[in-house]
Amino acid sequence: MPAERPSVSQKPKNPYKRPDAFTKAAKAQGYPARSVFKLEEIDRRVRLLRPGQRVLDLGAAPGSWSMYAAQRIGAGGKLLAVDLSPITAAFGPQATVVQGDALSLTNEALAQFAPYDVVLSDMAPATSGSKIADQARSYELFMRAVAVAEALLAPGGAFVGKIFMSEDFVKARDALRNLCEEVRSIRPEGTRASSVEIFLVGLKRKAAGKTG
Ligand SMILES: C[S@@+](CC[C@H](N)C(=O)[O-])C[C@H]1O[C@@H](n2cnc3c(N)ncnc32)[C@H](O)[C@@H]1O
């Protein structure tokens, strides 16, 4: 099983106080970022990823989520990893990397392996120093990911998107409720205590014509 969480002896009693155990465990297992444990927890809780699936990963750099997803979908799956920044991590022959801005890339440019079984977005803005501006940008990235899912996610498919907590959270959750039968909000254990992020998980994408 990929991405083994920190062992009981490594893991602090309160991971929010000493989150470095997650960073060390990620590096020890060859993942570039501790964020892998967030996806691993979401996967474990909602049974997200399976062999043979087609996955779109938006905001994929430096590559931990894509590495994890590529292992879970195996050689029979397909993965498209997209980020503004270059991605140097290797995900295997089932993966293709696109460097670009998800806000301006067309849905066609993201459709290489569509329809997708899973759309992931861990996209986050570079922090600007303004909490309000960062929240607004995070909402924009989240809503773009939902729009991409609306265009490219298969009926029955699943969505995971990161958003910074703000007044817009309810609008974001409603947009996902419009798309998926079941919506959950998850704040994984590996999230830093100071972080304002939360993940909205949409399960069972509604069939076309059944949204709303
Ligand atoms: C928290 S990191 C993602 C970490 C990644 N999931 C991993 O496990 O390695 C957020 C990423 O979102 C990307 N990002 C932010 N805005 C973006 C945009 N408009 N289009 C594509 N990627 C974007 C950033 O470049 C950054 O690499």
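The backbone N, Cα and C atoms fix where each Cβ goes, glycine too.
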Query raised in the report: According to Swiss-Prot, G63, W65, D83, D101 bind S-adenosyl-L-methionine; which one of D20, D122, D134 is listed for that same site?
Result: D122
Report summary line: Among the recorded positions W65, D83, D122, K162, the ones with a Cβ under 6 Å from any atom of ligand 1 are W65, D83, D122
Query - binding-site residues compared (D83, D101) - highest count of Cβ atoms within 10 Å - result: D83
Report summary line: What DSSP gives for D122 (S-adenosyl-L-methionine binding site), in three states, is coil
